Each structure stands twice: as structure tokens, then as C-alpha cells.
Amino acid sequence: MMKRVKKGSTELTAARKDEAADFLPLEGGPARKLPITENSENKSTVLYIGRIPHGFYENEMEAFFKQFGEIRRIRIARNRKTGKSKHFGFVQFASPEVAKIVAETMHNYLLFEHLLQVQIIPPERVHPKLWKGVNRFYKPLDWVSIERKRHNKERTFEEHKKLVDGILKRDQKRRRKIEAAGIEYECPEIVGSDVPAPKKIKFED
């Protein structure tokens, strides 16, 4: 028993002298050095920005966050059809230390009555297509032109009749609501309710 105690104390003293020894087994034996595990957040330069207020877009975000350090890329998630902001985005800094400071400083920061949600994204969780098309200016669709073409397209007689029937059906519904409200109002008749032939007829082959 005394020999085991002396052996353990000798190994403990040797482990203390050896700076590389990080782990001493309880069962005895030589000390071992634990593998160094690096925190992935220490190398991350990408931040998630949530609850972005209206009007705080790419140019405004770049002008605000560049006070902390160099910015590489900024992207705000937008609707593909309308181009409106989805109120969250991503910012990439040149230095991971700056990204960490921004995450600690700007999380729950009150901006235009919105509490910003800022979090560090580890490098392994950054999607490879995150920055796809980030340097291209988004041009929303011209919905006025699209609706004009849809309204003025050539229709067959059956399509024109279906269009007029829908207008008459909504008109009858509106008349019933007015009568139920007790309002005396004489609704004008809809011109073209007799379903005339359309000016533009698309002949089927």
C-alpha cells in the first residue's frame, strides 16, 4: 500500500513539472496531454441579424456596422416576387474578433422600436449558397405591366362569358349587403351584362 502511495505521489510530482501534461489517470500511469479543441465560433465571421426594421436595408446596414470594422458582404433576405425585405439578413466581417464584439454589443439593441437579434453562425453551419448573387442589384418584377397584359389578352367567347358572369355575381353580392344594411341606394346597371362578343376573338385551331 505504501509503495502505491509513493508511486502515485512521484507520478503527480512529475506531471506537475511537465507543462504538457493535462490529464493524470486515477488508476496511475503516465500523464497524457489532452487534444486541443478549437471553438468554431472563434473563427466565425458571419452574423445573423434578425428583426430588421423597415427602411434599414443594405446601404443603411453597411453604414451602421462599418463603425465596428471592415465588412466583406451583406445580404438581406427578400421576397423573390415583390423584392420586399423578410426582416432578417447576414453580415460577414473581415475579422472574427470584430464579429464577436458586434454579436455581444448589438444583440437586443433597440433600433426603430425593434430589438435586433444578432447571433454568430459557426463556419460549418454557413450554407454554401448563402452569398449567391449578393453583388447583384435586385430588380423587382413590373407587376403593372404583367397585369396589363393579362387583362388585355385575347379571350374566347367562353372565357369572356365566364369573366362577365363573375362580375355579375360579385355585383349581386354587393347589392344584397347594401340592402341588408338598410341603405337605400340604386345600384347602376353594369354595361355589357348581356355578354356581347369580345372585340378580340381567339380562334381555336
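Keep in mind that glycine also has a Cβ here, set from the backbone N, Cα and C atoms.
What TrEMBL records for 45-123 is domain 'RRM'.
Under DSSP, the residues of the domain 'RRM' (45-123) split into helix, strand and coil as follows: 20 helix, 31 strand, 28 coil.
On the 0 to 100 pLDDT scale, the model's mean across the domain 'RRM' (45-123) is 93.
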